[in-house]
Amino acid sequence: ARRCASPAGDKMAGADGDDSLYPIAVLIDELRNEDVQLRLNSIKKLSTIALALGVERTRTELLPFLTDTIYDEDEVLLALAEQLGNFTMLVGGPEYVHCLLPPLESLATVEETVVRDKAVESLRKISHEHSPVDLEVHFEPLVKRLASGDWFTSRTSACGLFSVCYPRVSSTVKAEIRQHFRNLCSDDTPMVRRAAASKLGEFAKVLELEYVKSDIISLFTALASDEQDSVRLLAVEACVSIATLLPQEDLETLVMPTLRQAAEDKSWRVRYMVADKFSELQKAVGPEITKNDLVPAFQNLLKDCEAEVRAAAANKVKEFCENLPEDSRETIIMTHILPCVKCPEVRLNIISNLDCVNEVIGIRQLSQSLLPAIVELAEDAKWRVRLAIIEYMPLLAGQLGVEFFDEKLNSLCMAWLVDHVYAIREAATCNLTKLVEKFGAEWAQNTIVPKVLGMANDPNYLHRMTTLFCINALSEACGQEITTKHMLPVVLKMSNDQVANVRFNVAKSLQKIGPVLDSNCLQAEVKPVLEKLAADQDIDVKYFAQEAVSVLALA
């Protein structure tokens with residue numbers, strides 16, 4: 001059997017014939033049971049066992065038993081690693097917290113990553129409960145053992161423990177910790193270097209500034225040039241923390257060369273990480289370096305050959321522009337950022353944040369720079385791009401004003417109504433309603449309604465149906481007069497259409513616009529047409545006409 005018995009376990013299971021400890025014996029048996037679920041349940045009840053045993057027997061019997069039997073399924077070990085992080089009071093408080101180190105040390109070396117991570121989390125938690133003396137006597141030697149372990153698993157776990165013990169130990173021990181961290185940053189195993197890179201920023205925060213400059217910068221430079229891209233991208237993440245710790249005058253020489261190199265890395269994953277962290281980097285390095293260094297880097301990321309990198313940079317456009325120094329903000333946006341707006345995802349991002357960008361540089365300049373981009377997107381071959389730009393039209397309309405809209409964008413809105421993709425025609429119809437709400441019924445009557453009604457004579461029946469869909473959407477926004485005078489006659493005329501689909505949509509439209517019309521009009525004009533459609537040869541036309549009669553109470 002792979003379960004490992006221990007004398008401590010036997011003694012506990014026997015429990016000296018004391019009936020009050022019988023449940024403990026049962027739980028210990030469960031810990032040895034072949035059934036994983038029973039063992040898992042038992043681990044989850046560990047605090048109950050510890051409470052019943054009392055602090056002394058927990059220290060002398062339960063913990064040795066657990067340490068000896070760490071050969072189990074990952075889910076059981078994960079539960080154990082989590083439980084032990086909350087065990088301080090159950091072993092007698094901070095004075096005895098070091099008793100929890102042996103089982104957690106074993107768990108920090110197992111093969112399964114989630115178990116190791118949980119053990120490290122619990123070790124970090126209980127490190128704060130050690131006195132400075134206990135930290136040096138018990139905790140720091142554990143960190144050293146892990147850091148110099150034969151298996152990479154123990155060395156990766158050590159990376160997460162340096163920062164929690166460093167601030168509270170003597171200067172001699174601090175020097176040893178720094179040396180161990182340096183060794184792990186150049187470990188032969190990529191997984192260890194990756195773990196060290198992921199903790200570099202955190203470790204830098206607890207170091208004295210002189211050691212940040214002498215140790216951390218050289219480690220950062222080395223990790224950022226590592227042969228593995230998974231290590232390099234983690235070094236980018238550390239760059240944010242390191243930059244915030246250094247005085248401004250040191251940034252240019254110590255950090256920027258490495259950051260420039262990362263922004264042009266041959267791996268798209270590293271460039272993606274630079275793009276993703278761009279706003280944080282911008283705040284960390286300050287306005288001058290942003291102007292001289294980050295602006296060109298950001299331009300390149302917006303034009304990157306990989307779509308994922310461009311998208312990540314596009315998501316930072318708004319924040320990047322907002323955080324630019326005010327005296328040069330407009331110039332940078334106009335001369336450096338907007339000209340990069342060549343890729344659909346970047347353009348869409350700028351357009352979606354138009355209100356913010358508009359506040360920064362003014363609508364006239366913006367409209368001239370963005371208009372070609374908007375037009376191109378509106379006619380993009382990918383229908384999802386066209387759909388996205390339609391959704392921004394009401395925002396554009398509000399920002400650009402009615403004159404500019406009529407001159408430059410109105411024709412686009414009408415073209416979408418006859419797009420070959422239904423989702424675009426549907427979105428274009430909703431878009432018209434929002435525009436009418438923004439610009440008013442009179443604007444609709446002069447600009448939109450004539451064009452929509454003109455489509456009623458289109459040879460393509462799908463376009464004729466779009467006329468009906470637009471009327472349905474616009475009738476309420478346009479009001480009774482425009483609906484009765486201009487739209488209703490067209491709908492009634494279309495009841496004679498050759499295509500049944502159009503005729504039954506006439507019935508549906510009459511039902512939809514009915515509430516906007518007055519009762520005389522309903523009786524005199526709508527009712528006869530619906531009665532005629534209710535006698536149509538087509539079953540669907542009949543059905544929808546009868547439904548409209550019933551809903552409008554015209555029977």
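Glycine is treated like the rest: Cβ placed from N, Cα and C.
The repeat 'HEAT' feature in TrEMBL is assigned to 23-61 (among others). In the predicted structure, the repeat 'HEAT' (23-61) carries a mean pLDDT of 79.
As annotated by TrEMBL, domain 'Phosphatase 2A Regulatory Subunit A helical' applies to 100-281.
Residues or ranges marked as repeat 'HEAT' in TrEMBL: 177-215 (among others). Secondary structure of the repeat 'HEAT' (177-215) per DSSP (helix as H, G, I; strand as E, B; remaining residues coil): 32 helix, 0 strand, 7 coil.
Among the features that TrEMBL reports, repeat 'HEAT' is placed at 216-254 (among others).
Feature annotation from TrEMBL assigns repeat 'HEAT' to 255-293 (among others).
The repeat 'HEAT' annotation in TrEMBL covers 294-331 (among others).
According to TrEMBL, the repeat 'HEAT' annotation covers 370-408 (among others).
For the repeat 'HEAT' (448-486), the list of distant contacts is 414, 417-418, 425-426, 429-430, 432-433, 435-437, 441, 493-494, 497, 499, 501-502, 505-506, 508-509, 512-513, 516-518, 521: same-chain residues at least six beyond its ends, Cβ to Cβ under 8 Å. Sequence annotations record features per position, and here TrEMBL assigns repeat 'HEAT' to 448-486 (among others).
Among the features that TrEMBL reports, repeat 'HEAT' is placed at 487-525 (among others). Note: the repeat 'HEAT' (487-525) comprises 34 helix, 0 strand, 5 coil (DSSP; helix = H, G, I, strand = E, B).
The repeat 'HEAT' feature in TrEMBL is assigned to 526-555 (among others). In the repeat 'HEAT' (526-555), the DSSP tally of helix, strand and coil residues is 22 helix, 0 strand, 8 coil.
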